[in-house]
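Report on one structure; see the data block that follows.
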């Protein structure tokens, strides 16, 4: 409302929001003796009343007006003859004076809040349907677990390094748990939308761009909890490595294009091997009738997520111990130790040396492939630790095949 001076612009926003919410409630209040108590005029006047009260009397008058409106709403609710009238309209009406006052002080924020309220009111049927018919009790419980892990546990963890060799950051480790839970939730959503045969491989491929290790851990948990999903989960785990080669190429290119040219044959060979192996298991998953007709169970396995974090913690301590024991004198030793946890970070360090002229681009390819090799070893450990034996038998050969092809491309 830039064409109106304050406070008229705030009043105009209050009126507009009252009209918007009032129109939605007018269409929902019905007709006859059982119709709702408030519509367009009531919501508009109430919002404008709050704006005027705050403008001329500040918080005190606004509190009095809001209390009066809430009292009238309560009386109207108690006199409603309907057995279960609900409280949504009444709560929205009692909130309107506050929204009108907000429009006087912050028009953009008031508009945002008002539109969100209108959307929530209009989306009653879809929201109720989603909560009561689409979501299962298990999925609701999983949502609560994810919310607790993200909003309760994560903020309380210290964000500093501690433990052996100052190698463990509790917040970073728990972030990996959250990532595994998120990957599992993505796979569950993909199953619900596309079926397990399509959904899990697609979710594994997409999740690999965030963390291939987390994707493998999540797919291992799915396969362990539900053996009927073994094939599509294995396909998703293998396809996550395709993203590893893509991301590696992108991060190296961002730091040093000459290094990417030297590394390109290795990345292409390894990526093609991962695509071929992943395609084989994806085709097998697509012909798995048992998986397609299977209803997804839990969205994720908290046990698998915590076990993955514990395994990665051991690897972090091991990598820090190697650096402490052997020192930082050898670049090969350093990247191998770093690659146990994160091959991209090791690759960025090596490519930065090449970009600074301290290392020839042709010589930078070997340390990067070594980092990818140690990272592959970590993924193999995760597959063996978190997954069942049949899962590991399907995933580990694909990881080995991809890294062997990477070395072949480097040495060719």
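Placement of Cβ uses the backbone N, Cα and C atoms for every residue, glycine included.
Pulled from TrEMBL:
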type	residues	note
TRANSMEM	6-24	transmembrane segment
DOMAIN	12-129	domain 'MgtC/SapB/SrpB/YhiD N-terminal'
TRANSMEM	45-78	transmembrane segment
TRANSMEM	98-122	transmembrane segment
TRANSMEM	143-161	transmembrane segment
TRANSMEM	173-190	transmembrane segment
DOMAIN	178-387	domain 'DUF4010'
TRANSMEM	202-222	transmembrane segment
TRANSMEM	234-255	transmembrane segment
TRANSMEM	262-280	transmembrane segment
TRANSMEM	300-322	transmembrane segment
TRANSMEM	329-352	transmembrane segment
TRANSMEM	364-384	transmembrane segment
TRANSMEM	391-410	transmembrane segment
Positions on the same chain near the transmembrane segment (364-384), where near means CB under 8 A and six or more residues out: 212-213, 216-217, 220, 237, 241, 244, 248, 252, 256, 259, 262-263, 266, 270, 308, 311-312, 315, 331-332, 335-343, 346-347, 350-351, 353-354, 391-392, 395-396, 399-400, 402-403, 406-407, 410
Positions on the same chain near the transmembrane segment (262-280), where near means CB under 8 A and six or more residues out: 201, 205, 235, 238-239, 241-242, 244-246, 248-249, 252, 361-362, 364-365, 368-369, 372, 397-398, 401-410, 412
Model confidence over the domain 'MgtC/SapB/SrpB/YhiD N-terminal' (12-129) (mean pLDDT, whole number): 85
Other parts of the chain folded back onto the transmembrane segment (202-222), taken as Cβ under 8 Å at six or more residues beyond its ends: 176, 179-181, 183-184, 186-187, 189-191, 194, 229, 233-244, 246-247, 278, 300-301, 303-305, 307-308, 312, 375, 378-379, 382-383, 386-388, 391, 395
Summary of DSSP states over the domain 'MgtC/SapB/SrpB/YhiD N-terminal' (12-129), given as helix, strand and coil counts: 96 helix, 0 strand, 22 coil
Tertiary contacts of the transmembrane segment (98-122), as residues 6+ beyond its ends and Cβ separation under 8 Å: 1, 6-7, 9-11, 13-14, 16-18, 20-21, 24-25, 28, 46-55, 62, 66, 88, 92
